[in-house]
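Listed features, source TrEMBL:
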{"type": "TRANSMEM", "residues": "B:12-33", "note": "transmembrane segment"}
{"type": "TRANSMEM", "residues": "B:45-62", "note": "transmembrane segment"}
{"type": "TRANSMEM", "residues": "B:74-92", "note": "transmembrane segment"}
{"type": "TRANSMEM", "residues": "B:104-121", "note": "transmembrane segment"}
{"type": "TRANSMEM", "residues": "B:133-157", "note": "transmembrane segment"}
{"type": "TRANSMEM", "residues": "B:177-197", "note": "transmembrane segment"}
{"type": "TRANSMEM", "residues": "B:234-250", "note": "transmembrane segment"}
{"type": "TRANSMEM", "residues": "B:255-274", "note": "transmembrane segment"}
{"type": "TRANSMEM", "residues": "B:344-361", "note": "transmembrane segment"}
{"type": "TRANSMEM", "residues": "B:373-398", "note": "transmembrane segment"}
{"type": "TRANSMEM", "residues": "B:410-431", "note": "transmembrane segment"}
{"type": "REGION", "residues": "B:441-469", "note": "region 'Disordered'"}
Amino acid sequence: MNQAIRHSWVAAVALFALIFGAISYVQVVGADELKANPWNQRAILQNYCSDRGAIIVGGTPVAESVETGSETCKFQRTYPQGELYAGITGYFSQNFGATGLERAMGEVLTGDSDQLFLDRVGQLFLGNQPKGASVELTIDPEIQQLAYSLIPDGQRGSIVVTNPKTGAILAMASKPSYDPNTVATQDPTAESNSINELLKVPGINLNQNVSGPTGELLAPGSVYKLVDTAAALASGKYNADSVLPNPAEMPFDGISYKLPNYAGGNCYTRDTASFAFALQQSCNTPFASIALDLGRDAIANQAQKFGFGEDVGDQLKLGYARGNGFPDDLDAPGLAQSAIGQKDVRATPLQVNMMTSAIANDGVQMRPNLIKTLRSPDLRVINEPQPEQLRTSTTPEISNQITDWMVSAVSEGIANRAAVPGVQVAGKTGTAELGNGTNNSWFTGFAPANNPQVSVTIVMEGVDIYTGAQLTSPNAKKIFEAVLNK
Amino acid sequence: MSQLSTTPKPRRNVELALLVLALAVGIGANMMVGVDKEKAFDSDFWFQSSLLAVAALVFHAVLRFRAKYADPVILPLVVALNGLGLAMIHRLDAPGDDTGNNQLRWTLIAMAVAIAVIWFLKDHRILRRFTFISLAASALLLILPLVPGISAGEILGARVWIRLGPMTFQPGEVAKITLAIFFAGYLSSNRDLILLAGRKIGPLQFPRFKDMGPMITAWLVSIGVLIFQRDLGSSVLFFGLFIVMIYVATSRISWVVIGVALILGGGFVASNVFSHVQLRIDGWLNAFTPEVYDRSPGGSGQIVQGLFGMANGGLVGTGLGQGRPDLVPFANSDMIIASLGEELGLIGLFAVVLMYLLFFTRGFRAALGTRDAFGKLLACGLSFAVALQCFVVIGGVTRLIPLTGLTTPFLAAGGSSLLANWIIVGLLLLISHTARAPVNTTPLPPAKDPAKAPNATGIDTPTEAVKHL
């Protein structure tokens, strides 16, 4: 009988061995598959309904988790000024993932970042509900609000305002925008409806890498002439006194196409031009001739030094487009057109701003930085990025020289509506023809020229020349005033 | 085998030390679940912790008086499991829910009944007098849920509940004890007869058809439970209980072969005939098919959500109070294993399963140690029943086998299950007491009505020499 009892025990233990195996399978071996199952709401709820850290601008949250009072989903992500900051915060949705800083700073916001390791250990022992760290931005709320309001509703455009000495981004606005609250809702039907609606709006691309100031690659037009100028001065073949050819049209061998000069300014008054005049009036043919003289590689090299087609460093956090830099395999007309920021040359508003800031900062380009501090749940600063040099774009001499010419473009040239009384403003406009009668209208510049505090880049897409002129330089003036009067 | 120490030791102090540890586990868990919530150290916590501790210590004191040679590991194991269950149920209580306190109430009642069993029964062999009364009681308990007026009707597809005033009760839980007593009594009296007669076919000796009466009875009971109560789990449990007991009684593997054949035959027919069995099996095999997942009743949503919870727990778990076991239906009863798996992780759940393993192992140890065939059969049957019940429940939750409605012993919310399992604890403690106590040669006092006793003297002859112990 005892033998049979032992056998029964062995049978029971065998059953338990199966249980151990089954538990191991569910909890370890097959766990990843179960976690990835679309019916599994846990990961979403754990993230989506948890107390995520806030994204803070000027002491006020622009993305925060508020208590819902419900047991199943305790916190709801809300965006108090949704449309104003949508391009930066992105959204944090239940079923469509996250974009923007919500995505890039996800680990910090949920409290899973390595930087919060000690806090997590503390939570383990104190049993506190995990709470994420908050992210404080370099954005100035007043400038952001101003920049956003300067883009008319219905107009596609972007404005980037930075501190050229630190790389800190003071404002980054674009339209069209959207309200992330409609995507972050707990109601799955409303959520997918609003995603579907947003996908229909031209200009709203929920993917940060291809839209907005950091992602949208646009023909830069004449602001690219700053690249040609820097390349020319760096080559040693040109100096401040060089006399540049300034024909009304530039012919090319073997084809009938002729590159025309800019029709808006006073270019037609002279056959030759100084750098100052060419930049003031934004004449095309002097820069095309520089490019043809120096060759494609010199221009491409300088473009690369200004950061076109290059990385922007790791403090921006947002997804961004690098672009391809200056095009390869150009024939003479192609090189001439590319040199004035047309044809296949593309750059993001942020890249144009970085070029401008490098000129403002004695030729040193700073890492664009959106993050002011990371704070643990008890508001202790756990990380405070310091200004860092990204690359040297040009020499102080060359940048000072270009600054002088940009100042004259505002004081005496076609960018004169950016002028601020009592302040030396350096600026450059651009008008890139889109081939359908409309243009991308640019302004990029900084102030004060002798001690730059702020660098502003504005682009309005698909506008006629008159509207573009209205929306760029005069708006830049308002931003300069707002920043400098603070 | 060499003889080791022959002087029996009570080992009650070991039990006390282990009991303190067990209470630390249960009360510590109860503290952890609420530590960062409003219910941290609320009145429920103090109430539950102090009462559990007092009850456990009273139980321990009773053992010192009445069964001082009882196994010192059984009580601490059960207290730890019961405490963990209380903590998880308390943790899952939404504001306003009172399941935690209700579970504590039932724990106290169940412990009181187990104490009464130990106090008044004194010797498990007395139960042998109630062999046929137990059969009648089993039949009554199993029929009750089907009787109009008493039945609580069909709850979640099964008719296993009766209504007692404001409460519901699951008599089938107690029936597993009365059935075990009946089988133990009947088999210990008739095992010689069953053993000697029979026909040999190949290597297996098969019993005479007339000796198969009890097996047929057990089979009919199981099938009856399956058909009328629609309770697949209990059906498997009763039949498994019987097979083990008849195997232990006869040491004949042929009984197991017949039993398994009957189970497979019955199961095959049942799965083809009864929709509730089909639904269970379909929900098991095709758990991840959308139409099965969403089906109501009998969908696999519950088990799939439980699996998600356990996967979420992973190796170390989310920590008590940090997971989302509340997303799983019946998280504090049928699926409490998934809840524990999520918050305690694989490591914690292994510890819980190991506690069950230790518990039934101590039960089997008592079966080996006791000298009477009835006690051996009873201890072995009850221990195996607990083990099988754990297997059916945990196997169901982990999708090893189809999910059935059995309760997780000591952990799941539910009074009848607690009561029945604590009675089993009381019986195993008594049996282990006789197993470990110095050999008592005094005969039992004669039964008041000798006719009812299967053996007029009440003395059991030793079945086997104790050298195997």
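Every residue number used here counts from 1 along the chain in the order it is shown.
Glycine is treated like the rest: Cβ placed from N, Cα and C.
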What stretch of B:133-157, B:344-361, B:373-398, B:410-431 shows the most Cβ pairs under 8 Å to the transmembrane segment (B:177-197)?
B:373-398
Apart from its near flanks, which chain residues at least 6 from the ends of the transmembrane segment (B:74-92) lie with a Cβ under 8 angstroms of it?
15, 18-19, 21-23, 25-27, 29-30, 32-34, 39, 44-45, 48, 52, 56, 59-60, 63, 99-100, 103-104, 107, 320-321, 325-326, 331-332, 336, 339-340, 343, 352, 355-356, 358-359, 362-363, 408-413, 418, 421-422, 425, 428-429, 432
Residues from the same chain, set at least six apart from the ends of the transmembrane segment (B:344-361), whose C-beta lies under 8 A from its own:
73-74, 77-78, 80-81, 84, 310, 313-318, 320, 337, 383-384, 386-387, 390, 394, 409, 411
Tertiary contacts of the transmembrane segment (B:133-157) (same chain, 6+ residues out, Cβ under 8 Å):
127, 163, 168, 170-172, 174-175, 178-179, 181-182, 185-186, 221, 224-225, 228-230, 276, 297-298, 405, 452
